[in-house]
Amino acid sequence: MSRPGQGVLMPVSGLGFPPQNVARVVVWEWLNEHSRWRPYSATVCHHIENVLKEDARGSVVLGQVDAQLVPYVIDLQSMHQFRQDTGTMRPVRRNFYDPSSAPGKGIVWEWESDGGAWTAYDMDICITIQNAYEKQHPWLDLSSLGFCYLISFGSMSQMNRQTRRRRRLRRRLDLAYPLTVGSIPKSQSWPVGAGSGQPCSCQQCLLVNSTRAASNAILASQRRRAPPAAAPPPPPGGPPAAVRPSATFAGPALWAAPAASPAEPTPPSSGAPPRSPSVPGCAPAPGQNNLNRPGPQRASGGSARASIPPGVPALPVKNLNGTGPVHPALAGMTGILLCAAGLPVCLTRAPKPILHPPPVSKSDVKPVPGVPGVCRKTKKKHLKKSKNPEDVVRRYMQKVKNPPDEDCTICMERLVTASGYEGVLRRKGVRPELVGRLGRCGHMYHLLCLVAMYSNGNKDGSLQCPTCKAIYGEKTGTQPPGKMEFHLIPHSLPGFADTQTIRIVYDIPTGIQGPEHPNPGKKFTARGFPRHCYLPNNEKGRKVLRLLITAWERRLIFTIGTSNTTGESDTVVWNEIHHKTEFGSNLTGHGYPDASYLDNVLAELTAQGVSEATAKA
């Protein structure tokens, strides 16, 4: 099946204007984290177009027309969407489609998510579905568009061809997207470099434009919250007033010392535009600020010349791409304040984490001294049915004849009365009033309460005190089957310059959950495997490795649960024993240098019942 109704992106300028005298439907789209262009609603697109007609370099406050988009502002100068509460910036584009296609008719195709919400398809998919629907096709295969879905118009459903899972879909009539004819005047097009015809694409100019997007968005939000100024109200029924960009990045005026009083403005300089030394070899875009100037920085503008006082440090404003410890919105606001104060601003991109070491040849990979072998495999261990819960509990407890008058912290009943599990749990030979004391820690509980707690756990023959977490016996976990490899590589970790590195590689495939897992019989996923972790090759690092091997064999390193980062359920996750997955940096907190890490992980292993005394040779 052909792919009709494709959007035509006009790359003539940042706003992508259509050719002269050609009617096109305008759809504004934003780029999500999966590199898919997602369309704004028709109402939002009409609002953006109205602001665009007023000022092609302004800012669009999306919350004025859609309450769900209150945090978002679009900066038309840099073509970015800015989220004010998180500082996230995403590219936007102005795309054009045929007036007879789905957006021109106001037709929206949507699919139903797990939570019952309806989500619109990408615009090109929506157009393809509508085209097949109009031709009365019984079904539509989306594999040609890169998706393994089959659309059935008879049942109005979408089926995943791999998992065979079905979702409902619907066809909805909405407001038609805005229509445009011809081109917009040149004065409203993207600001370009002098005489180049295209915007400058060097790294520094792109960085400056990104900063302008953040600053304009922040100031637009401030204006929106500020009391209205004495300005003529918009005409009744007319479009909302556009939020215009700030003058913060409007050029050398902020760098110049005031040469005259407000009543006596400085005459404009002779015709030559100001030069920007910030980007060598690049012509400055109109209105672009002169950032990152080396040495004494002189402001242009006739007789109004002033240099930054010597000795003023260039303060770095980092995290413009949202990967560092400084909040992006805070970084943008810091840049605004520094510029307004006449201080130089050094714009730098946050460094990327170094997750892996340089390539290592097989001949350079060596066994870890003092640790036998290079690999450990685990298989699915079936629970031993012979371990009777009553026998396990009695093994670690001593009977108390005269218990104190205090609470049992499991059932919250008094120890001198019957267990709160009386009537809920019937165990032969375990009377509800029996009380026992754990051997090492001395904490006391009803025997029936401990039997109930053990029966609700992994039933591996071990018992853990619910008060002090002391472990009796050998605790095992619910880690799925997999493989653990470990070896020595000839590279050093930060903070261990003269020491080679122990690399651990965990690999767990996807599979089916067992009876010890949250959803027995259901498939679980294993994202991000194989996972690489690092230890220094010193005495304490080798000790940690030996204990990690023991924890691996006891199935304690991983478990099946819900990911804290993605929210995905029924997936393999870390199990309270922290690892260092960042080799050459510590930007995420999972790397080196970290002087306390080895001691901390030893404490975590001890809390799981893995100590040097129980580690296997």
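Residue positions begin at 1 at the first shown residue.
Yeah, the Cβs are placed from backbone N, Cα and C, and that goes for glycine too.
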Region 'Disordered' per TrEMBL, picked from 79-109, 358-388, is residues 358-388
Looking at the domain 'RING-type' (408-469) alone, can you tell me the average pLDDT?
85
Sort the residues of the domain 'RING-type' (408-469) into helix, strand and coil with DSSP and give the three counts.
9 helix, 10 strand, 43 coil
